Amino acid sequence: MKLKDKDIVSVEDLSKGDISKILETTKKIDEGDLKADMSGKVLANVFFEPSTRTRLSFETAMKRLGGDVISLNSTQASSISKGESLADTVRVLEGYSDVIVLRHPKEGAPKMASQFVEKPVINAGDGSNEHPTQTLTDLYTIWSEKGSIDGLKIAILGDLKYGRTVHSLVQPLVEYDIQLYLVSPSQLSIRRSILEDLGKKSGEVIQKASIEEIIDKLDVLYVTRIQEERFADKEEYEKVSGSYEINKELLDQADDDLIVMHPLPRIDEISPEVDGLKQSKYFDQSKNGVKIRMALLELILGDNDGKRT
Amino acid sequence: MEKELRVRPIKNGTVIDHLTAGLALKVVKILGIDETIKEVVSIVMNVSSESMGKKDIVKVENRELNSDEVDKISLIAPKATINIIRDHEIVEKHRVSLPDTVEEFIECPNSKCITNTNEPIKSKFKVINEKEVKLKCEYCQRTIKGEITGYIKKP
């Protein structure tokens, strides 16, 4: 399917072919082959929740391609504090920009926004629902580090209940021929409905309570932060806080080729001593976020319809 | 014979038959029938049925329910039949069929869903027909299964 003018609100909207196209384009950009020219185009960064990496990486991506960026970062400093609906806000911003990048605490907000505007909408995170551009970054990191996704043993560790990066990532991962270990404290296990959907795909899904018993089998360890801000009850958060930590001692039992990923920010899930190990790839992963967003902008807004000669 | 009938046949309107016993009140709720309705509505519960043992029936006089309205019923009563009556004659008889999507009348159980805000949109669920019927919110992707009547929007 062509990605030109396409909304990216859910990974479900992307076929395996779309994902391959995005990863291949990212690889070309990674190799220094810049084709798209965004001069004269404007990206609207619309963030109703705090963000560092996602907002700045979209901004960097657009600027590196020669485009401009306008930002709405605080609900206090705009008409939203006067009670303007999101539907109205995005319709106004559509008049100022060529693409709208939206982060919103309400789940499904980007989907709704996409129904009110003609210009493409990119979901930059909606509550604990999805974060598709992080997923593409994650897939690219795995693919570029390992050369392929098929055949890998991948564990996702941490907050599988509230972590939106997890909800987005597991769906395309199980389209590949992989073994996927979902490792979490029982209070933070993945929602049953998501698990049921995963069971119908090619990848094998195995739930585990501790990382120690599988660490020596893994090719990829994807660690996530416990989403404190999504807990309704502080006491519930305290019960699970600090319940897992990736450190040198644990990684001594792992394969040398294991890669450790994290969507960041981290709190205490990965000990700083891991940063210097060759297995740690989370800062490379973060850097890949700019390239993947450049590729997406090229494919969605570019004039050559993703064709590179 | 006439004396044995608990509810008289209707002249014009809709008869929803073959409801599993106990579902009539839920069906009425799904149809949005409440104290504001002007038409005569008869609800018959636990009547004997050869094929079902016991069944419920709902009759709405002088109103022909359209398929969009009645198909909602299939979410809880897939075996229901709909009879349209004109001048005491059954002029249409059909089974309910599961719609592809349901809009507006179900409320998403996820309090953080964008449909539970003041934004100008209606709730919308994809109907997934597997071993049991499931509804998946088209916005936040949350799934509802089992007892869906608890999620019907209050008028």
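Every residue, even glycine, has its Cβ placed from backbone N, Cα and C.
These come from TrEMBL:
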- A:6-143: domain 'Aspartate/ornithine carbamoyltransferase carbamoyl-P binding' (DOMAIN)
- A:Arg53, A:Thr54, A:Arg103, A:His131, A:Gln134, A:Leu264, A:Pro265: carbamoyl phosphate binding site (BINDING)
- A:Lys82, A:Arg164, A:Arg225: L-aspartate binding site (BINDING)
- A:150-299: domain 'Aspartate/ornithine carbamoyltransferase Asp/Orn-binding' (DOMAIN)
A:Pro265 (carbamoyl phosphate binding site) and A:Lys82 (L-aspartate binding site), distance between Cα atoms, whole Å: 32
Shell list (carbamoyl phosphate; ref centroid = CB of A:Arg53, A:Thr54, A:Arg103, A:His131, A:Gln134, A:Leu264, A:Pro265; cutoff 8 A): A:Ser51, A:Thr52, A:Ala124, A:Gly125, A:Thr165, A:Pro263, A:Gly289
Entry from the binding-site residues list A:Lys82, A:Arg164, A:Arg225 having the most other CB atoms no farther than 10 A: A:Arg164
Residues in the domain 'Aspartate/ornithine carbamoyltransferase carbamoyl-P binding' (A:6-143) grouped by DSSP into helix, strand and remaining coil: 63 helix, 26 strand, 49 coil
Protein Cβ atoms within 10 Å of A:Gln134 (carbamoyl phosphate binding site), excluding its own: 26
Local backbone state of A:Arg164 (L-aspartate binding site), from DSSP in three classes: helix
Conformational class of A:Arg225 (L-aspartate binding site) under the three-state DSSP mapping: coil
Nearest recorded site to A:Arg164 (L-aspartate binding site) by CA-CA distance, among binding-site residues A:Arg53, A:His131, A:Pro265: A:His131
Binding-site residues near A:Arg225 (L-aspartate binding site), in sequence order, restricted to A:Thr54, A:Arg103, A:Gln134, A:Pro265 and a 10 Å Cα cut-off: A:Pro265
Per-residue pLDDT averaged over the domain 'Aspartate/ornithine carbamoyltransferase carbamoyl-P binding' (A:6-143), given as an integer: 93
